[in-house]
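Student: Below are the features listed in Swiss-Prot for this protein:
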- 14, 15, 16, 29, 80: substrate binding site (BINDING)
- 33, 37, 40: [4Fe-4S] cluster binding site (BINDING)
- 42: Mg(2+) binding site (BINDING)
- 82, 126, 127, 128: S-adenosyl-L-methionine binding site (BINDING)
- 20-234: domain 'Radical SAM core' (DOMAIN)
């Protein structure tokens, strides 16, 4: 059976972002991404800085480690990255998770399609705004969202500035029937000064709330902070 490149397995913790914010979950963080966002808070998944930490693991190995770490204290697993949608062989892992009664979630930027996405319970698609310096392939994104029709999906846009907010408005208008989340961006992913970081993030959150409540196009949007950053700062593995 083919192996999966894994950088981290951790939890139980709570999901800090998007449609399942606050959900108690275990995390599987895979290596590799087809993007290189300017402000990426998990650049170690693709920039080579953590290449010595990558483990090639079978789905059985991953499940065994989830249980070893989480015991009986979880029923939800989040697959994160990087971009886990780069990997073709996640379906075997999903089968094991389902056999053991797990609900599953994933976040991907909507740049790659895999048939196994249809097996995921909660799918967050997070297209990257202008501040990321990445370009959205809307034709590909259209196709992916169409294939996921009827699934429990959402769109999430991280917002750093006015240009990002304008991008978010256009995204929401393009897919008005897909639940939509605005989220504060963290542009200081290296600091260990948690008090300073929390103040910055809360100031940004207040700014984003003000933008949203004064924009009629965002009447149905939900505005979120980065919950995990407010609790743990930039700490990994939480």
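Backbone N, Cα and C atoms are what each Cβ position is placed from, and that goes for glycine too.
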Student: Give the maximum pairwise CA distance in Å, whole number, for the residues 82, 126, 127, 128 listed as binding S-adenosyl-L-methionine.
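Tutor: It comes out at 13 Å between the most distant Cα atoms.
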Student: Between residue 42 (Mg(2+) binding site) and residue 82 (S-adenosyl-L-methionine binding site), what C-alpha distance do you get in Å?
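Tutor: Answer for this pair: 7 Å between alpha carbons.
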Student: Just checking the binding-site residues 16, 29, 33: which sit within 10 A of residue 82 (S-adenosyl-L-methionine binding site), CA to CA?
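Tutor: Taking 16, 29, 33 one by one, the ones whose Cα falls within 10 Å of residue 82 (S-adenosyl-L-methionine binding site) are 29, 33.
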Student: Can you tell me how many other Cβ atoms are located within 10 Å of the Cβ belonging to residue 82 (S-adenosyl-L-methionine binding site)?
Tutor: 23
Student: About how far apart, in whole Å, are the alpha carbons (Cα) of residue 29 (substrate binding site) and residue 40 ([4Fe-4S] cluster binding site)?
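Tutor: Their Cα atoms are separated by 14 Å.
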Student: About how far apart, in whole Å, are the alpha carbons (Cα) of residue 16 (substrate binding site) and residue 127 (S-adenosyl-L-methionine binding site)?
Tutor: 18
Student: Across the domain 'Radical SAM core' (20-234), what is the average pLDDT of the model, as a whole number?
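Tutor: The answer is 94, the mean pLDDT of the model over that range.
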Student: Provide, as an integer number of angstrom, the distance between the C-alpha atoms of residue 80 (substrate binding site) and residue 128 (S-adenosyl-L-methionine binding site).
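Tutor: With distance taken Cα to Cα, residue 128 (S-adenosyl-L-methionine binding site) is 16 Å from residue 80 (substrate binding site).
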Student: Tell me, which binding-site residues from 14, 15, 127, 128 are within 10 Å of residue 37 ([4Fe-4S] cluster binding site) if we use the C-alpha atoms?
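Tutor: For residue 37 ([4Fe-4S] cluster binding site), the binding-site residues whose Cα atoms are within 10 Å come to 128.
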Student: Determine which residues of this chain, when 82, 126, 127, 128 are set aside, have a Cβ within 8 Å of the centroid of the S-adenosyl-L-methionine site's Cβ atoms, and list them as they appear in the sequence.
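Tutor: For the S-adenosyl-L-methionine site, the extra neighbours are 35, 37, 83, 107, 108, 109, 110, 111, 125, 132, 134.
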Student: State the count of C-beta atoms found within 10 angstroms of the C-beta of residue 40 ([4Fe-4S] cluster binding site), not counting that atom itself.
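Tutor: There are 18 such Cβ atoms around residue 40 ([4Fe-4S] cluster binding site).
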Student: Specify the nearest of the binding-site residues 14, 15, 33, 40 to residue 128 (S-adenosyl-L-methionine binding site), where nearness means the distance between Cα atoms.
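Tutor: Ranked by Cα distance from residue 128 (S-adenosyl-L-methionine binding site), first place goes to 40.
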Student: Which of these binding-site residues is closest to residue 15 (substrate binding site) if you go by CA atoms: 33, 40, 126?
Tutor: 126
Student: Just going by other Cβ atoms within 10 Å, which of the binding-site residues 16, 127 has the emptiest spot?
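Tutor: So among 16, 127, the binding-site residues given, the one with the fewest Cβ atoms within 10 Å is 16.
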